[in-house]
Amino acid sequence: MKDVLETRLRHTIHDFEILDHMLQKNIEVDQKGAVARIQNRWRKIFADRDVERMRTMLVRSRDALKASALVLQWSLGNAPGEHSIGFGYTGLAATLDNMKKRPTLGRRTRTAELEELVINANREPEPTVLRSLDDPPSTAASDGQIRERHVDSASPDSQRPVSLSQILLPGIENARTSLSVNARSVSDSIPSVPSFKAATIPRSTNEGVHPTPGTQHAEGTHTPREDGFPSTLNEAGPWIEEMENFDIETMDPDTVLRIKADPSSMPHWAAENVGGGNTDALRTTLISAIEGRNHRLIEQVLDKGVSPDSAEMHLLREAVLNHDTESLLLLLLFGADPNRPDTDGVTPLYSAVHVAYPEGAKALLNYGADPNLVAGPLKETPLDLAISQRNPSLLRLLLIYGGNPNHIADNGNAPLIQAIDETSPKRIVDLLLAYDADTNIKDEKGKTALCEAVLANRPDIVMSLLDHGADPNFPGPKHVLWLAVYKPGCLRNLLLRGADFLYAPGIMELATSINSAESVRILLQAGVNPNVKKDSLYTPLCTAIRDNRVDIVRLLLSHGANPNLVAMRYPIEECVARSRNHMLPILLDAGADIRKPLAILETAARARNVTAMSWLLNHGADPNAKSQEGYTPLTTAIRTDLPDGVSLLLSHKADVSLRGNSEWPICHSVRHPHILKLLLPHIKDIHAYTGVMEQAIVANQLESVAMLLDAGISIEEKNSGIFSPLTTAIREHREDIVKYLLERGANPNALGEHLPLVKALRRTDGADTAIVRMLIRKGADVNTVYRGWNAVMQAVENGDLEILKLVASQGVDLNIVGEGGRTALSIAKAMGWEEGVKILEENALRSTHNVDVISGNRAHSKFKKAGPNQESEKEFDIGICLDDKFGRYEGGIT
């Protein structure tokens, strides 16, 4: 123990040497004049206080020496020692007592004194009471406005001073300790008084803080401020204590706490030099101090009167972004406005939520920050931001301090709806519901929270909403069951909690159309009728057949679905049309009528479903039943080119003479020769079907033409008495059929719609004269007139020199008068076609005698055709025909 005492004495001596050096330095400054003294004092305002540090070191040394000396004397048992401590120590104690006056205490035993000293030697030094640089020493301790600062000890084993955040928000760093605070602007020579223990005072009052009895020394009196606020930072604890009496993270989730912030009840500090120090230099200094987190400098500058609401920088928001609680609290203590937005419209509270800073948010809320104030680029509240960031702790804090869970943002979003998505924590929704969020509120699109929860497939949130009064039948904008069909878990919860499916007619069909067997089962268990149509068109059973869902078909039929209820089609018709042949026996077993509809076979033929046709015929379907459009199964099978279906129907006695939609089966079949071949053996009288040859030619089916001729149809048979097979083939430009008909004996001069050669000349396309040449080779007469027109006249009218040469080469009768009383030569001259006139004259026929015109009979005469070098004779047949149009006989070569 003696060695310990000696060591501490040596440390004390070293401290006094340092003190002597400091004193000498200050004396030298005083001797340099007033300017030097002002500069030195200005530096001391912004620098660490060496004098304060030295004072702390000496106080600790004194207490440590006294404790060591008392322990030494007590352990030796030297009774007189209690009264005589020793000359050296007595002198040291006297010196230290002069630096810090202590109140006179009554006689105490050394044992009690030892206990106090041991405690004091191992705890933080008591804060010293300092005065402002501008206050005279005589009044600094008596004006009732005591300023305390905790200064750091220079001793190696000294503890770190308690920060301001530990005083005002003790929950931040191991709260529930006695309050000890940083000091304010100071003087180095004012004796300190011990701090008062914080007392819990309701925040709704503005009463001054008085020390707890028994904790104040006899000489340490305290005078409260007249405005009721604390006069020291240490005394701010009672006002702030309510800020820490709940922990968001550890609170019971079911606990609903509400706090109405009263900024007037929070501690505020009026600057000592109000209005006198708000200069540009000091404002710049304050900004730099905020950025550098120099809390001592911040406090000193604010105490000089600099406004905490700087126009150059939003200091509160800067402190929030830096997570600097001490700077934030200092600004709030000096009156910073917690609701003032920056140039971007962002408030400090919005920033605190944005950077997930609950300590700062709590401080701002206690000083009156409005949790419902719209801010930020999205014009949303801090509550909305906390929801979007999925931060339950901050959300709960905002709700505790009055955040409105029913606020509709400018974008139309409601907080409760915004809080719901596929991955959002249920705790967020539960918090909003616990704080009376309206469960039936709608956003700008008319959507409710219940609808949003269903869309997000959150059955857990659906149950929470229903537990808190959400109406399951409230449209938002349509009935929630329509949405829940897609989410079976949500659908089950809604139906169990009172959702009425009568508000959603056709919901069973919707569940079927999305192929949700689970939703169909839930609806059936809830009592939904499986036969209710959607939009009066679709039944669940037909929809399940359409989508090929055998499991849903069986499920519906087992719960009473009607297999004969018509929708767009009958169920059995739907099976046939969709080739769901495997479902036909299921429907038949369930009672489906094979005759509904009657033309079920025609449907199967139209769907080219031969398997269904066979099944239906085997189960008694009518092979001749017509559809609503008038088609028979046979005509439809022919139209769809279904030879297997045709053979099947013919084998089941389908009627080949039964017209389908005004068409004979054989007329349809000419387009499909392989089907015509199947059909012809069943035709009793082929001549009963007029026009079938023309249809075969129009269909360009040479094979069908050949089969029809072989079946007995005449090659000169005319459709409607006008269109012969040859003229039809020429008109449709079927060159192969023209050739075939001519080879089979068709007359190239047979009268029909027109003369075959005239028809061919009219249909000639450029140099393609194949059909014209075929007709001429087969004996077509270029001079034969029909209806006032012949081939020569047509060639002149065409104006094609090569075609005229081809036609005129057969000999031209220039005396034949045609339509309008004109001859071919007069037509060419009228056209001014000299080459045509020349060709006609060169190929003209000259008669050797007059023509005998006998009505209705043919006459024979000899004509001479003049060649270019010689005359040749040739005998021609002169045909006399009656022109009905002009009422006179005209001669022509036939």
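Cβ coordinates are placed from backbone N, Cα and C, and glycine is handled just like the others.
The region 'Disordered' annotation in TrEMBL covers 123-162 (among others).
The region 'Disordered' annotation in TrEMBL covers 203-231 (among others).
Residues or ranges marked as compositional bias 'Basic and acidic residues' by TrEMBL: 219-228.
Here the repeat 'ANK' (344-376) has a mean pLDDT of 94 out of 100. What TrEMBL lists as repeat 'ANK' is 344-376 (among others).
Proximity of distant same-chain residues to the repeat 'ANK' (411-444), defined by a Cβ-Cβ separation under 8 Å and at least 6 residues beyond the stretch ends, is recorded for 253-254, 256, 378-380, 383-384, 387-388, 390, 392, 395-396, 399, 403-405, 450, 452-453, 456-458, 460-461, 464-465, 468-471, 474, 476. Annotation source TrEMBL lists repeat 'ANK' at 411-444 (among others).
Residues or ranges marked as repeat 'ANK' by TrEMBL: 445-477 (among others). Mapped onto DSSP helix, strand and coil, the repeat 'ANK' (445-477) counts 16 helix, 1 strand, 16 coil.
Beyond its flanks by at least six residues, the repeat 'ANK' (536-568) meets 506, 508-509, 511-513, 515, 517, 520-521, 524, 530, 574-575, 578, 580, 582-583, 586-587, 590-593, 596 of its own chain at Cβ-Cβ distances under 8 Å. What TrEMBL lists as repeat 'ANK' is 536-568 (among others).
Sequence-remote contacts of a segment are chain residues at least 6 beyond its ends whose Cβ falls under 8 Å from one of its Cβ atoms, and for the repeat 'ANK' (629-661) they are 599, 601-602, 604-606, 608, 610, 613-614, 617, 623, 668-669, 672, 674-675, 678-679, 682-684. Look at TrEMBL and you will find 629-661 (among others) tagged as repeat 'ANK'.
Among residues of the same chain six or more beyond the repeat 'ANK' (724-753), those with a C-beta under 8 A of the stretch's C-beta atoms are 693-694, 697-698, 700, 702, 705-706, 709, 715-718, 759-760, 763, 765, 770-771, 774-775, 778-781, 784, 786, 894. Feature annotation from TrEMBL assigns repeat 'ANK' to 724-753 (among others).
If you look up TrEMBL, you'll see 787-819 (among others) marked as repeat 'ANK'.
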